[in-house]
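What TrEMBL lists as transmembrane segment is 20-40, 47-69, 81-102, 122-140, 160-184, 204-224, 239-259. Here TrEMBL flags 294-303 as compositional bias 'Gly residues'. The region 'Disordered' feature in TrEMBL is assigned to 294-350. If you look up TrEMBL, you'll see 311-325 marked as compositional bias 'Basic and acidic residues'. Feature annotation from TrEMBL assigns compositional bias 'Polar residues' to 339-350.
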Amino acid sequence: MSDNNSDLASFAYYKYDPSTAANAVFVALFSITAVGHAFLLARNRTWYFIPFLVGCLFEAVGYIARVISAGETPNWTLTPYLIQSLLILLGPSLYAASIYMILGRLTSMLEAEAYSVVRVKWLTKIFVLGDVCSFLAQGAGGGILAKATTPKDQDLGNNIILVGLGIQIAFFGLFIITTIIFHLRIAANPTAKSYSVTVPWRQLLWVLYVTNTLILIRSVFRMIEYALGWDSILMKREVYLLVLDGMLMVIVSVAFMRYHPCKFLVGYKQVAMRSAIDLEGGSTVEGDYTMTSYGGGGGGGGQRRLSTNLKAHDSSRLEADRRDSLMLGQGRHHRQTPSDDTSSYTPLRR
């Protein structure tokens, strides 16, 4: 019992003095990226990027708490420590939730469902489910660790966090492999849609490679950090956290501002709607479709545009049938004249 008390007496929330200036820089960087992503999300209605925005806010608030802790040195209080510990740990899991949704949408846009390792219907669900499990495990472990009153509690919290990080690393690795296989298949046998799409969709794949790798490196670092324990060099030097976690997540945040999915995923939802209509009708409906969703987000305007075009197409077919009927009626009552020549009629496309 005395040993436990002596351990708790020597326990400190930080093994170093947090830097006010360094953490304030990260507050500014994550705040700027959060504002930028909020603007892009609202303008383009890319609602599936809400978790990414929340992740930016988690990071910003986490580093604000670190600035507060820096001002309390060496008499740190629990609340700022708890906030920074949890939010900085969990932020990348929210990034991952949005990133996982990109590949399925890109696959649908290129009409390349046959090249996906997993059915597109399940692709996003499987990876997001893994991310949710990782998020919950890391959150539970972080909560236990932040409120630990005994070394046993600290070890329990550490172990649960390690499980959560392990799940995250496993699913990120599988996601990268899935992306590579899809990329190789569509590069070897491009779909017709991949030729007609004017957006540089291949850039988006490379953005996925880079950002996924950065988050993977960050997760491996945090896993090693917790595995080595409180007395490791990684826990005693703030620079490791700032560079191998904070800086990598800033790069990911900026990368998706510069290469936001709204610039690439144009019309993916309308492609899926057209395929559903064709399958339901048993035949392919010909005509012109406006495949624009302005960012592939909510798609409300794109759906209305597609519906309007289908109605216009049906009206055109009815008009053509009406003219054909008139022509047949004229042929029964009088001799055909040059003015009645059916070649003068130009039927609309059916």
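Each Cβ is built from the backbone N, Cα and C atoms, and glycine gets one as well.
Curation does not apply to TrEMBL; its annotations are automatic.
Of the candidate ranges 20-40, 160-184, 204-224, 204-224 contributes the most Cβ pairs within a distance under 8 Å of the transmembrane segment (81-102). Tertiary proximity for the transmembrane segment (122-140) is limited to same-chain residues at least six positions away from its ends with a CB under 8 Å from its CB atoms, namely 86, 89-90, 93-94, 96-97, 100-101, 103-104, 107, 116, 160-161, 163-165, 167-168, 170-171, 174-175, 178.
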